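For Asp23, His24, Gly25, Lys26, Ser27, Thr28, Asn140, Lys141, Ile142, Asp143, the entry in Swiss-Prot reads GTP binding site, with the evidence type sequence analysis. Feature annotation from Swiss-Prot assigns domain 'tr-type G' to 11-193.
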Amino acid sequence: MNSQDLKKRQEKIRNFSIIAHIDHGKSTLADRILEKTETVSSREMQAQLLDSMDLERERGITIKLNAIELNYTAKDGETYIFHLIDTPGHVDFTYEVSRSLAACEGAILVVDAAQGIEAQTLANVYLALDNDLEILPVINKIDLPAADPERVRHEVEDVIGLDASEAVLASAKAGIGIEEILEQIVEKVPAPTGDVDAPLQALIFDSVYDAYRGVILQVRIVNGIVKSGDKIQMMSNGKTFDVTEVGIFTPKAVGRDFLATGDVGYVAASIKTVADTRVGDTVTLANNPAKEALHGYKQMNPMVFAGIYPIESNKYNDLREALEKLQLNDASLQFEPETSQALGFGFRCGFLGLLHMDVIQERLEREFNIDLIMTAPSVVYHVHTTDEDMIEVSNPSEFPDPTRVAFIEEPYVKAQIMVPQEFVGAVMELSQRKRGDFVTMDYIDDNRVNVIYQIPLAEIVFDFFDKLKSSTRGYASFDYDMSEYRRSQLVKMDILLNGDKVDALSFIVHKEFAYERGKIIVEKLKKIIPRQQFEVPIQAAIGQKIVARSDIKALRKNVLAKCYGGDVSRKRKLLEKQKAGKKRMKAIGSVEVPQEAFLSVLSMDDDAKK
């Protein structure tokens, strides 16, 4: 095709994504659009078609973004090329959303006609507005008995400030309103800007590792054209590769002759080393490079850190390779090697949140067959020492000696909790119990309230979300942003087994709750750790001071069984001998700590604050 034809083709391209809160029907709507445009035959169709990971189907959530090309013949008789980029809706995967929005010009905002706007909807809409996208509101699930489309239409206008007068009323499940949505995409979403004759600039928004073809890049072509045989160059590190194949996804990968401006597709170039590519990087041609890289993504900083250790120590290298492959298409995952006296060699990993951590752990165990032990998650503290240094600490075992600490700052988040009016009391009580400071409260409509608190991230990391759902019967929705660091009265608590510190069980706790938490954890460990041949004391200590103790009684063999009657001094001699043996055993004996013990540090949180 000459550049004139390519420019005409470019005018027919529409790139859009679907944004919504969890469970508002995003993946179902994507399924209907695929059916309506006959991208997928009814024989191949299955629910949640774009959620290709087993984990996504089981949990009913979207974790990874997906990009698909569809052809749609509009009412004006022209055929348009749609690129649908599916996005996750959960707070931990905001990074995935921001990446997919950077590859689009428009976004369909799906709002549940019964539930209205939720916290996550707002967060993702603001991301879309930051990227200057054209937003098309769609009110979904209008066939539900509790649906109230007019109320939701007003909510969209009042809370978000979008004109919802032309919002499509739809039911993705029943297939109502799908055609109107497609027509609105044609009319309202702008065609991609960009120049086909300019040097190639392609934004990498995702990548996957293929054992045969190496790293496969998913790209959005912003300027220029790329075809197989071209020599491409990464703009961040200058490395060059020969393109072996370009193509698009129609969920399946289909090879093409070229990808031109406005296209969304994949590029394979025999990239063998995982570290050579980075999501957010710009690809250009080696013989005619672009002058500057595209504006990438803001790098997300991990909020939660935990240690990951293979149960079998010879799997350490396998774990490293697995983490590198996961990092390819999950750029927000960070890791570095660490060692623990209790657990051996492993990695300290940074995650965006607890669900992210959970998903990574499950993917490592399923996709790479590695059995893992995970330590309790922790956040990044700023420790100011007496010699006026500031150290960032994400691992409790790296905390400096208490005598060197001047003060400690911990991260606070601004939490937005949307909840029906009747549960406001429960939400406030929970937030206060988690050391939260009340900021403000806005009424969205007669019944729904947006409550804003400043809460320490460390309190949210454990089980805030579960507690919030149970105290509001599942009605609350929740979103948080990093706010600031504040001084707090924090101490490091060590757990001693048989007089030895177990580094992997150390955790940071607020002074106020230290005594109760210490007491609860030693009692929990007493139940979990199996009895030994000798007595094992479990102690919780802050610095040198022991704040709680519990003993696991020794298992004991009845050495008097063979003495029927007989002399008492004979019995005493046998008992003394047993006692001496136990003493010797205790001096050299080591205690096996089961995996549950590490997790019990997490779940004790609730008991401490009842």
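Positions of Cβ are set from backbone N, Cα and C atoms, glycine also.
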Exercise. Quick one, of the binding-site residues Asn140, Ile142, which Cβ has the fewest other Cβ within 10 Å?
Worked result: Ile142
Exercise. Per-residue pLDDT averaged over the domain 'tr-type G' (11-193) comes to what?
Worked result: 71
For this session: Specify the secondary structure state of Asn140 (GTP binding site) as given by DSSP, simplified to three classes.
Result: strand
